[in-house]
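According to Swiss-Prot, the feature N-acetylalanine maps to ALA2, an assignment based on sequence analysis. Positions annotated as region 'Disordered' by Swiss-Prot: 149-172. Annotation source Swiss-Prot lists compositional bias 'Acidic residues' at 149-161. Annotated phosphoserine per Swiss-Prot: SER175, in sequence order. Per Swiss-Prot, site 'Involved in interaction with pre-protein VI' is recorded for GLY777. Per Swiss-Prot, phosphotyrosine is recorded for TYR940, and the stated evidence type is sequence analysis.
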Amino acid sequence: MATPSMMPQWSYMHISGQDASEYLSPGLVQFARATETYFSLNNKFRNPTVAPTHDVTTDRSQRLTLRFIPVDREDTAYSYKARFTLAVGDNRVLDMASTYFDIRGVLDRGPTFKPYSGTAYNALAPKGAPNPCEWDEAATALEINLEEEDDDNEDEVDEQAEQQKTHVFGQAPYSGINITKEGIQIGVEGQTPKYADKTFQPEPQIGESQWYETEINHAAGRVLKKTTPMKPCYGSYAKPTNENGGQGILVKQQNGKLESQVEMQFFSTTEATAGNGDNLTPKVVLYSEDVDIETPDTHISYMPTIKEGNSRELMGQQSMPNRPNYIAFRDNFIGLMYYNSTGNMGVLAGQASQLNAVVDLQDRNTELSYQLLLDSIGDRTRYFSMWNQAVDSYDPDVRIIENHGTEDELPNYCFPLGGVINTETLTKVKPKTGQENGWEKDATEFSDKNEIRVGNNFAMEINLNANLWRNFLYSNIALYLPDKLKYSPSNVKISDNPNTYDYMNKRVVAPGLVDCYINLGARWSLDYMDNVNPFNHHRNAGLRYRSMLLGNGRYVPFHIQVPQKFFAIKNLLLLPGSYTYEWNFRKDVNMVLQSSLGNDLRVDGASIKFDSICLYATFFPMAHNTASTLEAMLRNDTNDQSFNDYLSAANMLYPIPANATNVPISIPSRNWAAFRGWAFTRLKTKETPSLGSGYDPYYTYSGSIPYLDGTFYLNHTFKKVAITFDSSVSWPGNDRLLTPNEFEIKRSVDGEGYNVAQCNMTKDWFLVQMLANYNIGYQGFYIPESYKDRMYSFFRNFQPMSRQVVDDTKYKDYQQVGILHQHNNSGFVGYLAPTMREGQAYPANFPYPLIGKTAVDSITQKKFLCDRTLWRIPFSSNFMSMGALTDLGQNLLYANSAHALDMTFEVDPMDEPTLLYVLFEVFDVVRVHRPHRGVIETVYLRTPFSAGNATT
């Protein structure tokens, strides 16, 4: 069909090359020729594919793009349907490959959207440092506790308990001139003292700017009243209530004006007030106020047991940043348009015949096929923002931890700001005149008070490298561990729904599960993490890019361009006629949007609204006689357009119950003449939506969808696959290392040495994958060519690994010490929680040494990961020549007769329901026939599985 006669002829549509005479003025052409030896024009003029130069009578065909407005639209709770009328005039051809939907609307990413790690508010504050605060406490609390058992004094105790007094914990960094009942004096205007404006002064960011200013006689600061809830300083925010930045809550005054209620509290030293003298002078004034305190991006990770209200214990609460949660449209807008759904969610029909050219099948693979197609023709690591192309990825250092320790040979010190601290106040002395050993005060030149440090500089040491590595492990791995390894902090309110952000965000894990000494020196992925989706992570660079394309705010007025992916129409040439084209667009936020935590966006308040959907398309820029020739040719049924789906496969999902290890499947008897082989992987039921319904009410997840986007990560859970046809002939014969009819993928015990590459994959399976992906098998082992080794192929994603662990049977002194009783870095880290350090310095009791002279007995563990790819088993489409290979040739399997197929998969048990995803590779072809104007007929062929027909 792709004959030169149907291509635009260069005589009409030419490429401007060296000779630009066809569109440059004759004078300029003459100048160029006369001066080309010493003045080269080269590409100083545009060098595009230009439009036809003659035989064009309308400008419509010459426009770069045309906009079609929908003639009908239907906006429901779950979807938005747009219908267009495509009018293709005489002597024109519409290029469906160029069409895209231009969609405008409003996106609310919900309150769980957080596009960064850490906090934006007081990020440098210690996690447990409180804000300046006040609370009420019994005046004689200590005595009350001591006397609780004394029945005789019970009445007195009750009386004392009611005597609540306000306690203050604060800071006064601002140094003023004087303190009066008007507050802190900050200057003089003429002869009049100027006092701080209490609505915003003293400002918290202003204090002493010199490190040596230690003696402040008149100080001021701000403090939060006891009616403002106590929160850690880390992450706390209060909105400003005046233009000067003051934050006090506004209260209506008697004059009707809104002002903040700021009260001044004066303090003197305890020594000065002990005598109750008449000459008391305040040293500190605190400006107390109520503010609207909130924590937009942090939460409490440690809360002491308290009653209602503020208390001393609340100064010990600890804050933790909310987990980052990027939210964006999916890669290539997966899930936005309906595919593979019942009821033909898409229509392309000629208005003369009204036959729909879009025949959907439940196993169509439109989205996955498009992902693999893009990978085969381009580089998926290059992002294309127009189609939202930014492939889901993960940080390889997070999936597989190469724990090579920390380079911390030299200690890291921190010093006081002045370099010297803890000085002694000394007075200058001199030898007494006339005495051998006598000394006297030297007050002639020197001050009486001189600050001198005796000894070395004071310093604190911190192991920066080890702390950074430990923090990396906790933030990137520990927080993503399965929920069964986490716990809810005591006294912290948390949601009961495990699919919500509130639940995922507040659950914490013991840092010791993933610490810097775990698997030290090994390249190993945590066993618990192998079955956790690595693409649901804040280091998913593609998702982060797509999220940032929309901006960094919760509410987004978006304007996106969405291409058509359905293989039968995405490359179609629409001949003259009038056509109806409509499609459905989902509004289910869990399907349309993707989040890095995978929380249920429906429950967590996300929403999407479409304001308008238009269609943009282009006509081929052909001269009329070229277009009419092309049309006449395509009307002939011998020149029908036919398209192959890139994946060309029928997919089937088989449920695997939790903890099941055996999955048998059967395919009824059929002719296998055009069969190409199998591809399979494993999916989690939770991560797989029901595509047959427009809105799946049980789909409570918004992370990556391997079923649609190719983010497979459970390939390592397969052990064996057995394939048996109902004939006596063994298939695929004896040309492999292992038993016919059975493919062994991995071996835990490998007595014969069949495994490969320092892991537990068999040589046989490695060869089969190299054959299926790169046709490398009989030629030995070598690295495939770079153009074949694509993102979704086997070799690029194959990750073998091994490690040594203690042999608890051979090592006689082995003790199974639980994590509650393991200590390493004791006294320098929190106990079983990401909280303040506690305990004492002591020799570690974990892990056992695997190196050195005292290395204990160990055994080697091996495994592999192979994400993104599909396991493939190739099959010859010439079924006659399959079977056992002998010197006399291969046995015939009688291609004309039908055979039933039985397959048995042996898998690792998982503690949640999963799905076996099997792709039967067929020939998925559509043939498009346009015999008359406004008539479009399609026939779908899917040998040997099913066929669809749009002409009946």
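Glycine is treated like the rest: Cβ placed from N, Cα and C.
A straight line from the CA of the residue listed as 'phosphoserine' to the CA of GLY777 (site 'Involved in interaction with pre-protein VI') spans 81 Å. Secondary structure from DSSP puts GLY777 (site 'Involved in interaction with pre-protein VI') in coil. TYR940 (phosphotyrosine) sits 34 Å from GLY777 (site 'Involved in interaction with pre-protein VI'), taking the C-alpha atoms as the reference points. DSSP assigns SER175 (phosphoserine) to a strand segment in the three-state reduction. Mapped onto three states, the DSSP output places the residue listed as 'phosphotyrosine' in strand.
All chains included, 19 other C-beta atoms sit within 10 angstroms of the C-beta of the residue listed as 'phosphoserine'. Of the recorded positions GLY777, TYR940, TYR940 has the largest number of other Cβ atoms within 10 Å of its own Cβ.
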